[in-house]
C-alpha cells in the first residue's frame, strides 16, 4: 500500500463559489486542516492554498488549487513534481454526481466521469489516473443539461446537512487512512450513509 503524501480538495476559487456543490472537495480539506490544527496558506508556486500535516507515515501536504476547477492539474502537477509525489500517493477529494448526498466513497483509478477537475489532474500526471479519490456525493439533477448549473448551485439545507455529515465521516476516515492504511478507511467510509 502506498503512503498518501498529498491530499487535494477540488474547488472553484472565490467567495461566490465557496458554498456551491462543486466545492465539496475543499470542505473535506478544511475539515482535515481543522482536525490537525493547521491553516492553509496561499503558495503562488503551487497555484493553491497549502498546509503540511504530520501523520503516522510522515509529512502529508494538503492542497486546494486556487485556479479554476478545469485547471486543477496545474496546482497538483506543480506540487507533485516539486515533492516527487507519485500518482498513487495522491488522494483527491471531489464532488460526485453519481452518489447521493450523505454518501462518500474512496476508490483508486477510474475515469473522470466528466469532472473537469479530475480530467485536468489526469492530464497533468502524465495521463495517470492511478491516484485515489474521495468521492463526495452531491446527487444528480436528473438531466445532463442541468449539471453545469447544478454543481455551481448551493445544496438545499437538508442536502447540506447530509453532505456535511459525509464530509465529517470522510475526515475521520482520512485520519484512519493515514494511521492504518487505505483498506480500513475505504471499508469504513464506503459503508457510511447519513
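A Cβ is built for glycine as well, from the same backbone N, Cα and C atoms used for every other residue.
If you check Swiss-Prot, you get these features:
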type: SITE; residues: 12; note: site 'Discriminates between blocked and unblocked aminoacyl-tRNA'
type: BINDING; residues: 17, 68, 70, 116; note: tRNA binding site
type: ACT_SITE; residues: 22; note: active site, proton acceptor
type: SITE; residues: 95; note: site 'Stabilizes the basic form of H active site to accept a proton'
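Structure with Swiss-Prot features highlighted.
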residue: 12; record: site 'Discriminates between blocked and unblocked aminoacyl-tRNA'; contacts (Cβ under 8 Å, 6+ apart): 20, 22, 23, 68, 69, 152
residue: 17; record: tRNA binding site; contacts (Cβ under 8 Å, 6+ apart): 11, 23, 152
residue: 70; record: tRNA binding site; contacts (Cβ under 8 Å, 6+ apart): 116, 117, 119, 120
residue: 95; record: site 'Stabilizes the basic form of H active site to accept a proton'; contacts (Cβ under 8 Å, 6+ apart): 10, 21, 22, 23, 24, 25, 115, 136, 138, 151
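Summarising the tRNA site geometry, the residues cited as binding it (17, 68, 70, 116) extend over a maximum Cα to Cα distance of 16 Å. Look at the Cβ of each of the recorded positions 22, 68, 116 and count the other Cβ atoms within 10 Å; the largest number goes with 22. Taking the mean position of the Cβ atoms of 17, 68, 70, 116 as the tRNA site, the remaining same-chain residues with a Cβ inside 8 Å of that point are 12, 22, 67, 69, 71, 72, 117. Under DSSP, residue 95 (site 'Stabilizes the basic form of H active site to accept a proton') is assigned to a strand (E or B) in the three-state scheme. Look at residue 12 (site 'Discriminates between blocked and unblocked aminoacyl-tRNA'): DSSP puts it in coil. According to DSSP, residue 68 (tRNA binding site) is assigned to coil rather than to any helix or strand.
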